[in-house]
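Quick notes on the structure that follows.
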């Protein structure tokens, strides 16, 4: 229902009387709506207006009065906001208070807001909220959302000091429906969020530990690897294990060559028989020969009266692992070559040939090819051993293993010493940043040290040796450290991507969180060898 602005008020009364209409639109000559009459404001009009006027004149008179009322109310609010008693009241509150006017300009903040945000009233009062955001003081404005949506709004803000706050903005309306002020209640939730993150980290650790325990329980003596490099290597090893082909492993000291050799044995048809190990660099030549080949009674001074079986004989039908084969003396290399070729040998001081069926796995941290060139290692023995060459990468090239191994060794030493200790994600993050020159052996030794020396049940970053923290590639730089900007940017990128990968596991999710393309993440990780 609508009436022209020049219509008499009596026409509106007739319309309301003769129909069920609750509102009537008032239009101008162009047909545009210039106002609305309702049953409620008709009562006010009948009580206060000159009924000889047109509908248009009556609406204009009401608009003028509303503006005057709003101006009066605005003045009253301003006096209240500036009053000492109101200031004392808001300053007594524990929560922060932030007030803007209907234009989005800051008019008041209380002392609690200054305490929470480290922002002073003089920095904010008189500033429009858009300028406050541009200055970097806050991440977003509840007041601007309230003014736009004309309703109460609650949101989270990030403050320049790094704290997180929750802001609830409530509009104060005038009689004509305009927003006069927005009252923002502010509460610091930084500690609450930190507690939430700690709970999430603990749950993540709990889930990871459970998955690690399940993985190890399936094969207690088998190495457990999660990096692609080691998964691929392990699949090759398990195929080779089913045969009797010779395996020659190469890798730095402490990378887990013995674990791999045991895994080969466990996956072979010899798994029910002996697995023996000899470090060729740990004994002098005569003792190595006696340990390896055994000896007859009286074979040499100090020999047992009954003689002794050598490891080759004891390992019959099983596996013999010869670590640091590069340290084996040349004269014994000849004898070992004959064992491999003939599966037979003479014990020291004996003329009786011993026939055996043993698989020999060899390993070295040295470059055997180079030793062959210099004459320190026999070429024929090298090729007999090197049927299946296996390179075991150092721990720094497969850092995905670190968390799994940490939890495994932690469980091992908790059981050994009767503890129930855990380690925080922050401490494990420091492990990821370290290069581990001693590889798995160094990690294992450190975990044992932490288990027996840490006084609390939770091992934290503060419990780690100072040299580990200081040697970390990504340890915090001193403020006066100056490095090329390109290098600094790359360090930050690597830290962010590494942490995100540990949390989200997939390059797709990491790319989504960091707001870059998935191909960018993949390319950077390939560049860093991760």
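Including glycine, each Cβ sits where the backbone N, Cα and C put it.
Just so you know, TrEMBL annotations never went through curation; they're auto-generated.
Just so it is clear, the model here is predicted, and its values are computed rather than measured.
It is 195-222, from the ranges 195-222, 223-250, 251-278, that TrEMBL records as coiled coil.
Tertiary proximity for the domain 'PAS' (82-126) is limited to same-chain residues at least six positions away from its ends with a CB under 8 Å from its CB atoms, namely 132, 137-138, 141, 143-144, 147, 159-161, 163, 165, 167, 178-188. Secondary structure by DSSP for the domain 'PAS' (82-126): 20 helix, 11 strand, 14 coil.
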